[in-house]
Structure formats: structure tokens, C-alpha cells
Ligand SMILES: C[S@@+](CC[C@H](N)C(=O)[O-])C[C@H]1O[C@@H](n2cnc3c(N)ncnc32)[C@H](O)[C@@H]1O
């Protein structure tokens, strides 16, 4: 993490500009807990059209300025330049700096790797979609895509080395009908249109026998999978774990409609890396396939991340809960507060919220009583929206 240790600097004026870096505001930590924390500042900067925060800590004998973890931007050179400009702008006496150890690595664009925003805002296809969850080495996904050129495949994986490996194979094999996304499959389906998917493959998922709540299959996952499946679409589990198989059969037989097909040691035209491993050990391989025969309504995700205007920010700070607030499928936690200097009702609130599977950390920025998400709104997952609505309630003046 780039940082600079220094002493004896002049006062930073905000707003101000130096060498193309905008120093927009200074926010000072606001202490409401009984055990006082050290004073810390967040400096709002903008460099190369990217907004982010710098953290300034005053340790009496010296000061340290570094990037704020939550608002980190890439490439790191954007942050490094802002840190170097800060010490220059305030005539600081630099004691230590590691900012020259960071260089800009130019990553070639990855045509078939998309982020979740792409699925929220842009993704469209007239072709049938098929999804593979946790594709690992990608043998099955690549085989299917190669043999079904008219189908749009989406591969979901959370393991970056597997993603890199499969992206290389996609290029070598000149495959054009796969999109890869690095995202938790349990939350992904929300962004796919109802009745648009022909098949969902879940082959050899991590069994999580000791922590079943971490499994991909759950009532919520099956509900979403069924919604996105076309009439006659299938959700296919293939596993060597008898416990996972029984668990899924249990969930699927609770559904009010659909057909379930069970196979043992069924041969597929392609064997995945994990499948080869289990076959060598003479383990049984279980398949349970759900055939869906419903036509589901389209969902219109609520994307309203607005807040009401507030007054008396300090009173609000003092009334905010200081421990995690947990609900069945989401939570929020107010982490820290900062007051923006020389501005009325202006500050930052650091929050962590959303799904337990993929919590999100962000800052709310308040300028003259108007609250918004710093660096833009969150991804509109149902858990983020639910957490937002709860935070909106407690940030309302009437609540205090
Ligand atoms: C046991 S491997 C199986 C890989 C491949 N399907 C095969 O048969 O060789 C399970 C894969 O699922 C991925 N995975 C686990 N949880 C996931 C999740 N929630 N969303 C997406 N992928 C996940 C893991 O990173 C891993 O690559």
C-alpha cells in the first residue's frame, strides 16, 4: 500500500488544486464511542477524473498519509501521484516514502471477462443462455460452448487463477460465445431476465459439509434459478458428495412444481478435472436435474438508492447504532463518522452492508444535508436495496 511518512507540513487548503490533483474536502473523525479513538482525517481528492479518499493520521512525532482502502482506485499510480502531490502541496518534510515502488501495470483488455455492472446495465442477447457455476478448469464450459455456437454461455467463478486459465483457452480456441464473470453465483441470478436460460450447470460444487449455509444451493438460489429458467429449462447438479446430493434433493422436492430426475454414474461426453479425480477413486457420481415447467414474471429491480435531506448531522451521528444490525438475509454496520471541515451538515459515514455472502463497504457522503454514495451507487442486489432502505430510515431526522 503506497504511503508517505512526514513531519512539519503546512496546512492543506480545501478546495484547492495542485499539479492537476483536486483536494476537495477534509473530513475529521468524529468520536462518539466511550473509548476515544485517535484522530484521523479523510481527504477527498480527484485525480485523472477518479474520486477517492486519502487517510491522514497524526501520530504526534510524525504524520502518515496513505490511500483509503475502501475507496481504492486502479491503477495505483493515480493514488501515488495524489500522495506525492499532497506532500508537495503542503511543503511536508518527507521522512519515508514507498510511492516510487509502485508502477503502472498495463493490463491488456479482457474481451470475454465482464464485471457485474455489465450484467446490471448492458447485457443483452437474443440467443438462449446457458450458465455454468464454478467452472474451475473450464473443461465442461469450453466443450459446451465449442459444440453449441448458437448458445450464449455465461461462466461464473470466484477463483481468479481458474478465470485467467479459461480466458486463455477461450482465446486459443477462438470461442466467441462465452462471457466470464467473477462473482458469487448465489447472488448473480438476480441480474438475469426471467425465462431466458436453457440450462444451469453446477458440477462438483464445493460440498461444505461442515458449513452447509455456504453451499451454492439453497431455497433462495433454487427460487432464482427457477425464475430465470425457460419453460423446460434445467438446473443440473453433478456431485460426488452424497450429503450435498441428499441436501439438494431435499430442497428440490419441496418445490410446488417441476420434475426431478436422478442418475447415478451417468456418463457425460466430457469429464471435468474433478470428475476424473473421483472416478479414479471409484467414487459414485450423483446427478439431480430439475426440469422447470413454469413461465415466470419479469422482475423490475428497485434501483432507488436515494436518501432524504437531513439537518443536524451531529445529532444523527450520535443516534446511529454502533453495532451490526442483522436481518435474515442482509445486514448493515455503521463503522465510522467524519465531519467535513468548514461546511454545515457535511461529513462521511463509513458503512458495511448487504448480503452476508458478499458484504459491501462504502462511504456515504453528506454535503449540506444531501446524502449520496461516494464513488457511486451500489450494485442493486436485493440485499443491498434492503440494507439501503433500513439505513435510509435511521438517517432520517424524524428517527432521531
Ligand atoms: C470443486 S470445484 C469444481 C470445478 C469444476 N466444476 C469441475 O468439475 O472440475 C468448485 C468450483 O466452484 C467455485 N465456486 C465455489 N463457490 C462459488 C460461488 N459461490 N460462486 C461461483 N463459483 C464458486 C470454486 O472456486 C471452484 O472453482
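Residue numbers in this text run from 1 along the chain shown.
Just so it is clear, glycine is given a Cβ too, placed from its N, Cα and C backbone atoms.
Straight from TrEMBL, the features:
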BINDING   132, 157, 184  S-adenosyl-L-methionine binding site
BINDING   210, 240  substrate binding site
- Have a look at the binding-site residues 132, 157, 184 and say which one has the shortest Cα distance to residue 240 (substrate binding site). 132
- Neighbouring CB atoms within 10 angstroms of the CB of residue 132 (S-adenosyl-L-methionine binding site), all protein chains considered, total 27
- Task: Any same-chain residues 6+ apart from residue 210 (substrate binding site) with CB under 8 Å of its CB? Would you list them in sequence order, or say none?
- Result: none
- Query: Which binding-site residues from the list 132, 157, 184, 210, 240 come close to ligand 1, meaning a Cβ under 6 Å from one of its atoms?
  - Reply: 157, 184
- Item | Taking residues 132, 157, 184, which bind S-adenosyl-L-methionine in the record, the widest Cα spacing (Å, whole number) | 12
- Query: Should residue 184 (S-adenosyl-L-methionine binding site) be counted as helix, strand, or coil on the basis of DSSP?
  - Reply: coil
- Do any residues at least six apart in sequence from residue 157 (S-adenosyl-L-methionine binding site), in the same chain, have a Cβ closer than 8 Å to its Cβ, and if so which, in order? 134, 135, 136, 163, 166, 180, 181, 182
- Give the sequence-ordered set of same-chain residues, not counting 132, 157, 184, with Cβ within 8 Å of the centre of the Cβ atoms defining the S-adenosyl-L-methionine site. 133, 134, 135, 155, 156, 158, 181, 182, 183, 185, 188
- Taking the Cβ of residue 240 (substrate binding site) as the centre, how many other Cβ atoms fall within a 10 Å radius? 18
- Query: CB neighbours of residue 184 (S-adenosyl-L-methionine binding site) within 10 A?
  - Reply: 16
